[in-house]
Amino acid sequence: MHTVLHKGFTSALVLFIGLYFVSTVWKIPLVNELISLMGFLMLVFILLDRPKQNIILPILLLFLSNIVTLATSSSLHVLWIGLREMKAIIPLIILISLVGWIISHRPYVKALMMIGKRRLSTTTRFYTYIGAMTHFISSFMTLGGIAFVYQLFGKTKKATVSDSAWNYILSTAILRGFTLTVLWTTVHPAFAYVVGGTNAPLVPTVLKGIGLAVIGFVISIIIFQIQMKRKQISDDLIPDLEISSDEKLEGLVGTFIFWLALLMGGILILNQWFNVDIMLTVPVVIVIVTTLYFISNRDLVTYKQHWTKLVKDDLGKKKKEMLLILSAGILVGTLKETGYGSVLFGYFLTSVEWLNLNILVGLTLVVILLGFCGFPPIPAMVLLSTILVDLPGNYSPDMIALSLLLGVSVTLVTAPVTVPLLLISSLNERSLAENGIRSNLLFGLTLLVVGILYIQCLSYF
């Protein structure tokens, strides 16, 4: 039974993605109806296969969708429409993993590591290097960058270094480096959806996001130095980096930068020059660049193996993620079709006025509140992008987008349960609280305050 459900889910997911791309060039109602059908089948297969204790939040979202439908006396067809609300998000989430195929093909990251080997003379420099590398890799590998960097440095600990100090440095540097990528990285699903949902101009949003990310990185280093003194971590804690004699790293850094530039450049060109929606641009460019990479390296055998593994093994591991995304999509679609989103928007404006808050500050705080209630970034972004329309105050779309993304960035390292925290905790066997709020509360609060000031300053120009 499990095998049948697994294959059914995988087939429905593949068809869902394929039909989405068809719908971008062949705009007929039948294709959209088929997308909803595939979404429904995925939902059924997941609900029959998932342990009931792991579906509390999705069930709550589905329950709320039905309540809204009944309260507004709307047709149940709005739920069917909601099944395809995430049709652009799901291909992006799945196909973004293709970038990892390039990174793992050759020891590019090790070549980058060796560049900074001689400069890693202090603990602070080591922390900075890990954070910067995580930020760089996660800027196009997203969540995969967390495990990738941890595994790279996990076995470089010297015997004289304590496990607690080592794990603290690795986890804080990796998490903070990762969370700042949300502010500007075009391949991050949350960023892509916010830009698309708010119609924010891509280049200004990226540039302003980079500015805040740089400030956040400086804050991260300063706070680490403060915490290092409190925890009495010595300033000579550095990794033991060795290179095998059979590894040839010459020229790999330049090659890696070339493919990174091609990826980022392709996204900017297709979005800015050809006005292709960012949600479609990112997965299309990723597939094209990855294909060109393996063709140029004459390794189509490995390329085919990656695709086979993705379809046969990896897609089946996305059930929990797809259940949450589809459930959130149904709620968002219901709010759109029933018009109840406008009612919630009115409540938001009333709350902001009652609390005497700036609207941009209110947006950031709402995202954080949703994060602490268990909403992952993508469903939260979809929900808010749907509700928050025609904001008063003549705020530019890029400022609205950056306010939402700041909330995501703070949430990822301070909320009780987030995917990055779950991932890093599975690697270093520390609790979610130790990796999250205990280690990053000061960083999160400082980033929040400075980020709000940064956005307010930019909004006046």
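Just so it is clear, glycine is given a Cβ too, placed from its N, Cα and C backbone atoms.
Going by TrEMBL, these are the annotated features:
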type: TRANSMEM; residues: 6-23; note: transmembrane segment
type: TRANSMEM; residues: 30-48; note: transmembrane segment
type: TRANSMEM; residues: 54-81; note: transmembrane segment
type: TRANSMEM; residues: 126-153; note: transmembrane segment
type: TRANSMEM; residues: 165-186; note: transmembrane segment
type: TRANSMEM; residues: 206-228; note: transmembrane segment
type: TRANSMEM; residues: 249-270; note: transmembrane segment
type: TRANSMEM; residues: 276-295; note: transmembrane segment
type: TRANSMEM; residues: 322-347; note: transmembrane segment
type: TRANSMEM; residues: 359-389; note: transmembrane segment
type: TRANSMEM; residues: 401-424; note: transmembrane segment
type: TRANSMEM; residues: 436-455; note: transmembrane segment
Legend entry - Tertiary contacts of the transmembrane segment (165-186) (same chain, 6+ residues out, Cβ under 8 Å): 123, 126-128, 130-135, 138-140, 142-143, 145-146, 149-150, 153-154, 157, 192, 195, 202, 205-207, 209-210, 212-213, 216-217, 220, 224, 227, 231, 233, 237, 264, 267-268, 278, 282, 377, 402, 405-406, 408-410, 412-413, 420-421, 424, 428, 430, 435-436, 439-440, 443
Inset, instruction - Run the contact check on the transmembrane segment (436-455) against the transmembrane segment (126-153): 3 or more C-beta pairs under 8 Å, excluding pairs closer than 6 in sequence. - result: no
Inset, instruction - Test the contact criterion for the transmembrane segment (126-153) and the transmembrane segment (206-228): 3 or more CB pairs under 8 Å, pairs 6 or more apart in sequence, then answer yes or no. - result: yes
